[in-house]
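Asker: Have a look at the structure that comes next, please.
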Amino acid sequence: MEGTVEYRSAKKSRSARPSSFRQISEEEDSRREDELQSTEVTTAPRSGPDEYVSVTTLCDGIGSCELSDIRLSENRESKGVDINAAFQRTAHRVFCNNEELFVRDKDGDTHLHLAINLEHLVLVRTIIRMAPAYKFLSIPNKLFQTPLHLAVIVRQKSIVRQLVCAGADVTAVDRNGNTPLHIACRDGLYEIARCLLEPVRNREIQCNPYDIPYQKIPQDFDIANYDGLTCLHLAVINRHMDILQLLVERDVDLNMIERKAGRTILQIACISCDVKLVRTLMSVRACNMDARSYSGYTPLDLARDYNQDGVYTILAAAGAKHSAEYVDSDSD
């Protein structure tokens with residue numbers, strides 16, 4: 001089994017945001033009270049067309065706007081300030097054009113990657129809305145992680161759904177061959193898995209400034225990572241039964257095989273002596289109790305070889321059979 005998916009920098013806490021999120025002085029605070037209706041925000045220096053603008057520079061231009069969210073929340077609520085619109089106006093001032101937001105740094109990260117890693121949700125939503133086209137939302141970094149991968153890793157389901165509805169590629173794979181759904185199934189992220197499995201509704205794409213191509217959602221469940229495991233196998237191996245149920249509700253094929261030994265999830269359950277899972281799978285008619293692995297072994301063969309007497313009894317009672325080769329070798 002593969003190790004935990006890593007990201008190049010440790011996940012930062014909300015309290016560890018860049019120093020550019022400067023404190024608003026009392027004098028500024030008073031001035032903002034008077035100017036609140038216009039929602040003006042501090043502008044950051046404009047960069048040349050070929051200069052990479054750091055996320056710190058962008059935050060410097062919009063940080064005071066976020067702080068006003070803390071200090072002036074009651075006034076903003078009463079006066080109807082649109083904080084997202086203010087962020088977007090500032091970003092337009094910082095960058096010559098929207099494509100500059102998606103220039104990659106030395107690690108391959110765009111501002112969208114960095115904002116997701118910082119969990120700066122307002123900034124993330126603003127950058128998504130400013131994407132010139134859907135393809136900009138699926139740019140991979142040097143670890144082949146797209147923004148959608150990172151949104152799953154930091155467990156931000158609202159961002160996951162917004163990226164999906166904005167056209168982010170749900171089948172993009174990272175350096176381990178995992179799609180975002182693989183990660184969600186492996187880590188038991190039920191709500192995020194739902195966001196990735198739910199087809200996009202028309203009302204969810206009304207705010208997109210561009211057309212997005214059709215992509216099959218749920219994705220092809222037969223996609224295997226570089227360890228040969230599908231989303232289904234990852235859910236079962238890590239014993240996330242709620243994820244398994246979610247996949248079953250989406251008509252996943254329970255007889256899919258992993259690519260190294262050719263085993264179905266029933267065969268894996270037999271080897272691991274997961275009696276509860278075996279009983280559950282045997283109750284599903286679509287589950288083939290006589291499926292063969294690459295070595296020709298059926299679930300009953302594996303239960304006998306691994307001395308799983310409880311599992312063997314359940315399978316035999318349900319009418320499961322040994323392979324002919326296994327019977328012949330046993331008789332010899």
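Note: Cβ is positioned from N, Cα and C throughout, glycine not excepted.
Copied straight from TrEMBL:
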- 1-49: region 'Disordered' (REGION)
- 143-175: repeat 'ANK' (REPEAT)
- 176-198: repeat 'ANK' (REPEAT)
- 227-259: repeat 'ANK' (REPEAT)
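Buried or exposed, and what's around them? Tell me for each listed feature.
Answerer: If one looks beyond the repeat 'ANK' (143-175) by at least 6 residues along the same chain, the residues whose Cβ comes under 8 Å of a Cβ in the stretch are 5-8, 11, 108, 110, 112-113, 116-117, 119, 121, 124-125, 128, 131, 134-135, 137, 181, 183-184, 189, 191-192, 195-196, 198, 200, 204-205, 208, 210, 212-213, 215, 217, 219-220, 223, 225.
Residues 2, 5, 146, 148-149, 151-153, 155, 157, 160-161, 164, 170, 217-219, 223-227, 229-232, 234-235, 238, 240, 242-243, 246-247, 250 of the same chain, all 6+ positions outside the repeat 'ANK' (176-198), place their C-beta atoms under 8 angstroms from a C-beta of that stretch.
Same-chain residues lying 6 or more positions outside the repeat 'ANK' (227-259) and placing a CB less than 8 Å from one of its CB atoms are 1-2, 176-177, 179, 181-182, 184-188, 190, 193-194, 197, 218, 221, 265-266, 268-269, 274, 277, 280-281, 284, 286-288, 291, 293.
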Asker: Mean pLDDT for the repeat 'ANK' (143-175), rounded to an integer?
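Answerer: So the average pLDDT across the repeat 'ANK' (143-175) works out to 97.
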